[in-house]
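J.: Structure in C-alpha cells, see below.
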C-alpha cells in the first residue's frame, strides 16, 4: 500500500466504496488523514464501516472542514450531470480528485525520479499496460502495475527511485488527476466512447490529451485524426513527442512494417524489434500496442535485447485474442472481451480462415461494420439473443447455424474446423456482444469457452494469462 502522506493531519471526504474506493480510503488513513466516506449503496457503506472506515451521509457533512474530496472514477463528474457530492464539493470550494491524483502526489513527495509510465486510449490500454510491465519485469526491473487494469493504484508498493510504475488510466481517472505527470505518457488512439459521461468527442479527447500533455515524453499513436492533432499541438508547444503508427511509415518515430517494428530518425530506418511468431501479439492492433511499449521501455533505459526478450515471452491477456488450445491444424482463440463490433474487428482481421462464434446480448449497430471480414469466415455459429439479427446480416454472404448455446457452438465449430484441409484454421470466440443474456460477464463467458475447447478430445492447452 502507498500511504497518502500528502494529506496527513487533514480531513478528506470520499465517495464510492467499491474495491478501489475502500483501498483509497485505507491509503489516506494510513497516511494520517481523517476520512469520512459514503456511497449510495448501503451494502458498500456497511462493508467499509466493518473495516474501520468512518462513514456518514455527506449531505449532512461540514464541507468547509475538508481539504479534498476523493471521488470514485465510476461516478459522474460533469455528464450527464454532476453527482450531488460533486456539487457540494464545488459549492464549498473543495478540490475534487481521484486515486490516480493521490498516487501522483505521493510519487512527487517520496520519489519524483521513479519511472512512471501511464497509458490511455480508447482501445488497447490493458494489453499495452500488461506488455510494458512484462517487458520491464522480464528485464529484472522492480515493476508495479495497476490502475484501470484491475489493481487499485494505491495498493501498489510505495514509490522509490528505482521502482517502475506502469499505470493504465481511463478517461474518468484522468479527469480526476489534474497534476498527472508521467515519465512517459502513452495515448494509443481515440474513437467515440463514453460520450454519455463526457458529452462530446471534443471533451473526451481533451481529457485524454491531459495525460500526454503532462508527461515528460508523449508517445502518441497518430493513426486517427484526433491523436494526430494532439501530437501536432503538443510538439508546437515544445513538448517531446514520439509518434507511432501501425500502418504508415514515418519520417521520425516508430512504425510497423509487417511484423517488424521500425525506428525512423530523420527518414533513416532501423529495425528495433520483431513480432514474427509471437502468438500473443498477432495482428495489426497488437503492433501498435508493441510499438508503444517499445518506445516507453527505451525511454526508461532498457536495451533492445531486453525488449525483444520481453516481447517473445509475453503471455497475453485473458479473453483478448487469447490462444487457449490447439488440435492439429485447429487453433482455439478466446476473444470474449470483444463485446461490440469494433472490438471484434482486430481478431477477425488477424486470421485468414475463421470458424466464428458470435452473439449474446446485442449492441447498437450489430455486426454490419464487420462485413469487410466476411470473406475470412468459413462459417458462423450464432448464440444468444443476437442470433436472429446476426443471421439476417450474414444472409447468404457467410454460412451459419444458430447454435443457441456456447457449448454447442464450440462443439460444432471444432467438428467442422477439423475437416477443413485448407491449412491452419481458427475456432474464434469473438462475440461482438455483451454476455449478460447467458453469462455473468465476459470473463465467465471466456472461461466457458476455454473449458469447452479443452474438453474436446485431442485439444492441447496453450499456456497464457489466467
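The backbone N, Cα and C atoms fix where each Cβ goes, and this holds for glycine too.
Keep in mind that this is a model prediction, so the values were computed, not measured.
The ATP binding site feature in Swiss-Prot is assigned to 121, 122, 123, 124, 125, 126, 127; the stated evidence is sequence analysis.
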J.: Do you know which of the binding-site residues 122, 123, 127 has the most other C-beta atoms within 10 angstroms of its C-beta?
T.: 127
J.: Far apart in sequence but close in space: which same-chain residues, 6 or more away, have a Cβ under 8 Å from residue 125 (ATP binding site)?
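T.: Set apart from residue 125 (ATP binding site) by at least 6 residues yet with Cβ under 8 Å, we have 119, 148, 149, 168, 169, 170, 188.
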J.: Where does residue 123 (ATP binding site) sit by DSSP, helix, strand or coil?
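T.: The residue in question, residue 123 (ATP binding site), is coil (DSSP, three-state).
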J.: With the ATP site defined by 121, 122, 123, 124, 125, 126, 127, which remaining residues of that chain have Cβ atoms positioned within 8 Å of the Cβ centroid?
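T.: Those within range, site residues removed, are 119, 128, 188, 189, 289.
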J.: I'd like to know which of these binding-site residues, 121, 124, is least surrounded, judged by other CB atoms within 10 A.
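T.: 124, out of the binding-site residues 121, 124, has the fewest neighbouring Cβ atoms within 10 Å.
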J.: Once the chains shown are all counted, how many other Cβ atoms turn up within 10 Å of the Cβ of residue 126 (ATP binding site)?
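T.: By my count, 18.
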